[in-house]
Structure formats: C-alpha cells, structure tokens
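For reference, TrEMBL has these:
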REGION    1-21  region 'Disordered'
COMPBIAS  1-15  compositional bias 'Basic and acidic residues'
TRANSMEM  30-51  transmembrane segment
TRANSMEM  66-87  transmembrane segment
TRANSMEM  149-170  transmembrane segment
TRANSMEM  182-201  transmembrane segment
TRANSMEM  252-270  transmembrane segment
TRANSMEM  384-403  transmembrane segment
TRANSMEM  415-434  transmembrane segment
TRANSMEM  440-459  transmembrane segment
REGION    481-501  region 'Disordered'
C-alpha cells in the first residue's frame, strides 16, 4: 500500500507541469502592448465607481485616501507577479486550486474550491448588480437614498437577465461584454479628462490641508484596503494570458509592471477628479459619487454619467457571470477530478454549448446574497475570504521554494516579494477582525469551515450513503461532461448513459478548450 502511494506520488510529480489534456495551442499573437491593454481592460471595472466613498469613510481625509489607492495598486502588482510565477511553474487549470494542492495538500485546496463557488464568485456578482441598481435608481430619487426594496429588486432582475443571457448563448454573452467594456472606458476617460481640465483651471481648494482630520486605526486601514482592492480585483487572473503572449516569460512580468501601475494612475486621477468638485464631506454624503460629479461638471449633459456607469456595471456583472462558466467551470472540473466537487456543475449544454449548470448555480447564490446584504458588508465579506486565500496561495509559493526545488520556474520573483505579500494579506485578514469585529467575518469563517463537513463525508472517508447522494447526478439528455475535452472514447456497451455524437464531442472539445485558454474578464 505504501509502495503504491509512493509510486503515485512520483507519477504526480513527473506530470505536475503537464497533466492537462493536450489540445491545439492558441496562436501567440499578443505582444507587450496588447498584454498591457488586456490587463488594463480586465482590472478596471465597477469598483472605481463604488469604492471611493468607502475608502474615504475609513481614512476621513483626502491625503490618506489617495495614499491607500496607490498602496492598493502596489500590492496588486506584487501579488500579480507572484501569480505569474505560480502560473508558469504549475500549468494546471483551476486557478489557486492546484497551487494550494501542491503546496499544502487536499484540505486547503478543497476549502478554496468550496469558498470560491459559494462565497467569492457569487458575492462578487451580487456586489456588482447592487452597484448597477443603485446607479440606475439614483436619478429618480434626487437628494435621498433609493429605497432598499427598489435597489434589491433591480439587482435581482439584473442577475436574472444576465444569467439567462449567458446560459442561452456564449456568443451573445461575449457580444454584450464587448459593448459594455467600451462604455466603461468611455466614462473613465470622460471623468479623468474633466477632472484634469478643472485642476488646470485652479480647482485645488479641496487638496489644501489634505491630511487634516485624519483619524486612522488599524481596523480602518484594513477596511480601506478591502474597498480599494475590490476595485483592483482581477489581478490574480492575469497569468491566463500566458498562452497567447509572444515571449510570455519576458512580456508577462513587463505587462504586469506597466499595466497595473497604469490602472493605479487611472484610479488616482479619478479620485482627484472627484475632489476637484467635492469636498471630503460632500463626497461622503453623495449617494452616487460619479452621478454627483456629472451633475456639477457636465450639466446639462449630466445624464450621460449615470447611463454609462450603469453600462459599465452591467458589463462588469456580465463579465462575472460569463466567467462563471469558465473559471469556476474549470475549477469544478479540476476539483471533480480529485473527487472534491459534484461534477454536475461542470456539465455543459450540448444544444447551446454553454456551461448552463455553473452559470445558473452562480446566479441563484448571488440572488441569495442580495436579500440580506448591502454593498459595504458584501465587499468586506468578499475581501476577507478572497485575501485569506490569496495570502495562503502566495505563502505556498514561499513553501515550494524549499519543498519543490525541482520545478522549473520560467518566471521567478525575488523571495522577498511573496513574503511581503503574505504578511500584508495576514494583516488584511486579521486587522479588521481584531480592531473592528463584525458578524460577517464570523459568518464567513463558519461557512468556510463548514466545508470540512462535506470534505470528510464525501472525500476523505467516503461513507456509503454520502457516495449514493453524490452519484445521483449523471449527465442527462442535453448535458455533457466537460471532460469531453479529454480524448473521447466510445461508451462501453453496458453503459446506459446517453453519449454525444462525434460532431457534438468535437464542438464540446473546441468550446471547453477555448474556455481553458481565454483571459478571464474582471469579476468587478
């Protein structure tokens, strides 16, 4: 038994960097400039329209607020460099899952898959849809906050529509994504250019004594980082473009080093633009910061701002749902291969070639989150869970420097970088809990730990009755397992389950292969 386990371990080590099924490689058509553009377009999302108010509320002054935005950009850059090393060292699909599996074993990897599917991805979708509903409803409730019933109803409607669009057609979902991405870049450019013009005209009064009134605490700094880093979310997925980059081992780190600081510059300039027309107090009192900016700067064309911000947020929500079929689908596929997840979520529709189960599941959980939650509590909930696993994953990079020295590292960052990011992640996780404890952190921890119950029932000890439950979901008519991306083989004569035709298998293989190599849009 021990010899068998040792032999299996050696085989796993040999195949660590090549276990993914061999498919046709994507053409390397993206140069450094294209990589930078993709990074900028991927990260910039709805976060910059909802986070400025929350960051300022925790720093209470203009100066510290701008410093937090810059620090978040630096942290995102360092984290992205660490993930670039991980992604080129361990070339398995599934995001953080295979990194945690190789560094720490099955339990942390299982808890990541559990938390990602039930907390991180759905809460992100819910936050974006709530942001959309607030910006859509705010023009109809001038001078006061929109009723929560209206906000949540609109958010639920947005989740329903976006889920249906992406479950019915990948082509339609990607078309919607392209249109709304353009709208996002337009409104960002309008706000920055308007702010720079006002700044050149001498509107600098709100920057005088910019550190006056600062009352920072450890917990407030942590919460400010939570909200700032929400706007940068997506930095951890940049290694997905490696396969499409020319000379990726040179261009990927360069694209990160150039691209994320460009995003940081955009975010700082947008905040500066807000402060050219609003004091810190006025910004905190604003129900929708970008709408207030438009009312004061672009009147009588101020209606353009809420319209384009709504387009931006709905595009970000569509991107979050769109990736529910690729990133979580890949995660379920890889986790299911280890026996860590119900494979029903990795099935795709034979008729429409969409990962419908994963997308519908994603929409249902997101709808549940919007019922009791608000944007601030959900951002804290999301950031706490996300940075717990970001830190754990990057600490795994440090561990594997000593335990997996034999692995090839085409991109290798100085070890001080993952050490610093790990320590900062630990600070971000612990500081708000210690200084400003709140119920959402306890709920998040308890829910993540509840995954251990399912792990021991279905994975570790494999009780008979539990296995019967988990085996009740074979592929049905109209659905196929995403494992069709592997070399398909004829069904055994005794196998009664429906199988795809060779043409359908070819379509499924092409579809799932494209998901595995596609850059993941930002979940913001």
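Positions of Cβ are set from backbone N, Cα and C atoms, glycine also.
Whatever TrEMBL says is automated annotation, not expert-curated.
By the count of Cβ pairs under 8 Å, the stretch nearest in packing to the transmembrane segment (66-87) among 30-51, 252-270, 384-403 is 252-270. Just going by CB pairs under 8 A, the stretch in 149-170, 182-201, 384-403 that sits most against the transmembrane segment (252-270) is 182-201. Listed by sequence, the residues of this chain that lie at least six past the ends of the transmembrane segment (182-201) yet keep a Cβ under 8 A from its Cβ atoms are 41, 44-45, 48, 266, 269-270, 272-274, 276-277, 290, 293, 297-298, 304-305, 308-309, 311-312, 315-316. The transmembrane segment (440-459) makes no contact with the transmembrane segment (30-51): fewer than 3 of their CB pairs lie within 8 A, with pairs spaced 6 or more apart in sequence.
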